[in-house]
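Everything below concerns the one structure shown next.
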Amino acid sequence: MMFLFYVNLATILCFFTSISNGNIQQTVLRGVQTSLLSMYIPSKPFTCLDGSLTIPFEFVNDDYCDCQDGSDEPGTSACPNGQFFCENKGYFGTLIPSHFVGDGVCDCCDGSDEYETIIVCNNTCFELAQKFQASRDAQRALHAAGVEKKKQILASTTTNKFGRQFSQKHLDELEQDLKILEKELKEKEELKRQVEILENAAKEKHKKLCEEKRTMQDVSLRNNQMHEMFADLDTNGDSLISIDELQKHTELDTNQQNEFTIEEVRSILGSDSVNLNEFNTTIFDQISNSYRQLPEPTRPTPEPTPLPEPSIDSMTTQSPSLETFIDEEDLTTHTRSSYKYEDEDDYEEDHHRESKTLATSIEHEKHIHDSVAPEYDDETKKLMEIAEEARNRYHEIGEKFLSIKHQIEDLKKQSTVDAGPHDEYSPIIDQCFDYEEREYTYRICMFKTAKQISKGGGSEVIIGYWDSWCGPKDNKYLKMKYSNGATCWNGPPRSLIVTLQCGIEQKLTDVREPSRCEYTIIFETPLACDENIATTSLHSDHVEF
């Protein structure tokens, strides 16, 4: 009996530490959070923290798991779901899984998790506390500088009439201006309508006169061309176009591979010959596009007339003119045939060009006046000037009207945006920021859209539209959510989470895609800097851990 008593006593002593302080003795249980020590009273049975079981207190930290929540073994590794509390004096107390206790690895900076092993753990809590303090001071300095920049941004936004911080008076003034402009716009529109009626009537009258003139010109031109062609075809001058005369024009043969037969010519003429009137009504339009003038026949070079031997008398008498013996036209013909056309191909090519002269001239004269802009009379020009002035005035008032209308819409829209608990994010409403990557440019227009723009020249892809704030419960304004973007191929719609961080400059950093078509990015801005963090520890030399 006494043996069992000493065994139990030794077991309890293994898991408790007695600290003497004068006549007062305090018992500390290993692995228990300071806030839960009141639940562990050695003189009373222990009730599992989940309330599922009550056990004798000596079962606590006996290296056997009795409670389902593992709360009876805070200082051992017996329970797989238990937690060991590292006190870490001089630093932050932390909880580690109880199976880390006694595993030969120093998890607590004070080494308390290896109290049963031979492992010697150095106490690193002081060094960690120093690093934490340095990081905290850097954060405080960053937030302090950011808060000052934030105040400047908010101050400049407040004085900007296009910003979110607008007065109701300003909105009323804009709406009043809009009503005045709307009335004026209707007046200008009516004036524009009336002068345009007069302008269009004058233009229509001018157009009709031009068309009549053009029609007369076309008729006259066609008549001249028809007479010219008839005269060219009527080679014998009998005022008739015969089969023989038309048959010479082989360019009219639709089948160029065969001979231009009499039957084919007769099918064009409709008879053996046609007069001017018949040619005008049935033949001219049929052949005018294909007709070519025949080349003029060349004249034979005349034999030179031998000159008599000069006598003494003739030498003293003035010689007759050269024109007496050589006709000027013959000289021209002789020169052309003797020197210019030594090569037969050149000769034929030149005559081929000559044969096109009539048709080319016809087509040119037929259409040249179509490209000439009509010249308006003075009265029409004056009406056009008045109408143009009315249109300019109408468009000028219209632009002012739309500008004020858009201002009012933007101001009303901005008033509904949740821009933070104190409207601190109002200055960046609709502002766009870019982040350059190797292949893409990411562009976020705050409270509007997020896009992915290919640098290879592809189209823009909508990553998401502004949805809501999605930060943690204690501060939802730390994260922005953009959703319902373009759908991925065989995947979900794209979305983006923007994490806001304090920074001196406003910029996007560190874009990632942790899951398919789900993007994350960091936005640094002075507007996210916290004045509470900026003023923390300003009047203390240490941090209470």
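Positions of Cβ are set from backbone N, Cα and C atoms, glycine also.
According to TrEMBL, the signal peptide annotation covers 1-22. Look at TrEMBL and you will find 164-208 tagged as coiled coil. Annotation source TrEMBL lists domain 'EF-hand' at 221-256. Per TrEMBL, region 'Disordered' is recorded for 292-317, 332-356. Among the features that TrEMBL reports, compositional bias 'Pro residues' is placed at 297-309. According to TrEMBL, the domain 'MRH' annotation covers 430-531.
Mean pLDDT across the domain 'EF-hand' (221-256) comes to 86 in this model. The domain 'MRH' (430-531): residue composition by secondary structure is 7 helix, 60 strand, 35 coil, according to DSSP. Assigned with DSSP, the residues of the domain 'EF-hand' (221-256) fall into helix, strand and coil as follows: 21 helix, 2 strand, 13 coil.
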